[in-house]
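**Q** Structure below; questions to follow.
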């Protein structure tokens, strides 16, 4: 409290200047000391609340120039990279520096082994001027004068294949054999490559198709005839021909007339199928593939000519007894399917799915024999071929209705293969009697075993586990097991414990009904009847016809290894073509993990996209 100024005047105290300055300096010093003490006090108070001060840390970051990272993270990354190099990189470097041995191919299964041999049969059946690498030492050039009297074929009809144990060239079964080989290559090219037979089988196909192109004017768009056969065999004939004589092909000295067909819906259809299928096989050779397609189109047009609908074999005594065609509607369906796949032209698939075609072919009738695939009945093969289109591409309208019918019929055909349903008889040894106990049963066995294995692979490729036979569900494995059982029978799993493929296994036929195999290759040219002693001898063949599948046993599993029992002991082109197809379908060679059972796409390489064309724009609106 301030006291009152009882004396009057100012409250200020007067002082001299020097004293004033000293006082001010002392006040500044006191403030500085007080401030210092206050700062120390603040730090002390903070220490009470926060604890003792931390020691000053080292710099935690590293400047790499382009980026700044934590020192700890940088060390962690470096150590991780070093560990990865030691664990992964170093072993890889060491492994690559070690010289590698070529990996051993997996051991071939029995089907692969038999396949190598079965293909050699075609080398032995070649006619014409043989290549140096043909591989059959006891075969030479033959048939070099075939068709030499024809004025419209330059060089004659030289080449092709002899049909069986005689020296006739039947063009109908020859064409079917080439179709079968081509189909097997299209579906299973990876397997052929894996077993080293891809180039070989293509060469065999080309040998056949080159010859087929000679049998008509393949450079023309319209033709009026085809040559259907070279060589003849008259029933009970007494004049030299291909049955009366017993000669090696190289020693033939008798007439070999050429048969001509001005009407051939069946033969023309099969030839078109063979050339069209081969054009897909040789799609990597554009010029040759185009040549095949053009030839196929010409002979297909000839086959479909409305004024040429008489079967090629009718009334011809040199054909009708051996390869008589019972219908041509199956060849129409078969060839149309192949022409569509080869060209992508919708005209062919439109015809193949026209409801009138299966009606005329009786494709949807419940006729048991129509379910058996053979050189004479293409219906089961054509139906499966068209089912392929539905299963993989599903084109829908307007083809769907007929394709469903073909697919359902294919499934029913497969049902007939199982003994439990009693459609066909089976021998006690397990062989299906597709031709009802007649001669040459094995050619039917292998053809239908191929279809069974192929259909199983189709279903597996689209993740379908099986299908219904009435109330019974049959699996893909059931179907494949049937095919295996039939082929295994042929390879030796039968009551006779013998292989029906020459050269396969330890026990196989050694007295074939085959002129070339039975007549020694000893430099002697035997006459027409001079070869009879080799026909009639009971000795084994001097030339082993490796890979030849014989006709097969009778309905009681019995087999007579005698040269004159041609129904059992004669091999044929169609038989071996079916055998090759069945073997490549069943072998596991070339099927690695993740590899589909069949080549799904090559067949469709010419087929356009399956979607409708863009509709035309609407017309202009007018009020």
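Cβ atoms are placed via backbone N, Cα and C, with glycine included.
Taken from Swiss-Prot, the feature active site, nucleophile covers 166, and the record attributes it to sequence analysis. Per Swiss-Prot, active site is recorded for 513, 561, 570. Feature annotation from Swiss-Prot assigns N-linked glycosylation site to 217, 236, 324, 345, 408, 425; the stated evidence is sequence analysis. The feature topological domain 'Cytoplasmic' is assigned by Swiss-Prot to 1-73. Positions annotated as topological domain 'Extracellular' by Swiss-Prot, on the basis of sequence analysis: 95-623. If you look up Swiss-Prot, you'll see 74-94 marked as transmembrane segment.
Give me the lay of the land around each of these features.
**A** Listed in sequence order, 231, 233, 242, 243, 515 are the same-chain residues six or more apart from residue 166 (active site, nucleophile) with CB atoms under 8 A from its CB.
Neighbour list (residue 513 (active site), Cβ cut-off 8 Å, at least 6 residues apart, same chain): 164, 165, 563, 564, 565, 566, 569, 570.
Remark: residue 561 (active site) has 509, 510, 511, 569 as non-local neighbours, by Cβ distance under 8 Å and separation of at least 6 in sequence.
The 10 Å shell around the Cβ of residue 570 (active site) contains 21 further Cβ atoms across the protein chains shown.
The Cβ of residue 217 (N-linked glycosylation site) has 19 neighbouring Cβ atoms from other residues within 10 Å, across all protein chains displayed. According to DSSP, residue 217 (N-linked glycosylation site) is assigned to coil rather than to any helix or strand.
The Cβ neighbour count for residue 236 (N-linked glycosylation site), using a 10 Å radius over every protein chain in view, is 6. A coil conformation is recorded for residue 236 (N-linked glycosylation site) in the three-state DSSP classification, outside any helix or strand.
The DSSP secondary structure for residue 324 (N-linked glycosylation site) is coil. Take the CB of residue 324 (N-linked glycosylation site) and look out to 10 A: across all protein chains shown you find 15 other CB atoms.
In three-state terms derived from DSSP, residue 345 (N-linked glycosylation site) belongs to neither a helical nor a strand segment and is classed as coil.
The Cβ of residue 408 (N-linked glycosylation site) lies under 8 Å from no Cβ of any same-chain residue at least six residues away in sequence. DSSP classifies residue 408 (N-linked glycosylation site) as helix under the three-state reduction.
In the three-state DSSP scheme, residue 425 (N-linked glycosylation site) falls into the coil class.
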**Q** So what pLDDT does the topological domain 'Cytoplasmic' (1-73) average out to?
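**A** When the pLDDT values over the topological domain 'Cytoplasmic' (1-73) are averaged, the result is 50.
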**Q** Of 236, 324, 425, which is closest to residue 217 (N-linked glycosylation site) if I measure between C-alpha atoms? They're all glycosylation sites.
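**A** So, of the listed glycosylation sites, the one sitting closest to residue 217 (N-linked glycosylation site) is 324.
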**Q** Once the chains shown are all counted, how many other Cβ atoms turn up within 10 Å of the Cβ of residue 425 (N-linked glycosylation site)?
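**A** So the number of other Cβ atoms within 10 Å of residue 425 (N-linked glycosylation site) is 13.
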**Q** Restricting the comparison to the glycosylation sites 236, 324, 345, which residue's C-alpha is spatially nearest the C-alpha of residue 425 (N-linked glycosylation site)?
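**A** If we rank 236, 324, 345 by Cα distance to residue 425 (N-linked glycosylation site), first place goes to 324.
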**Q** CB neighbours of residue 345 (N-linked glycosylation site) within 10 A?
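**A** Neighbour count, Cβ to Cβ under the 10 Å cut-off: 15.
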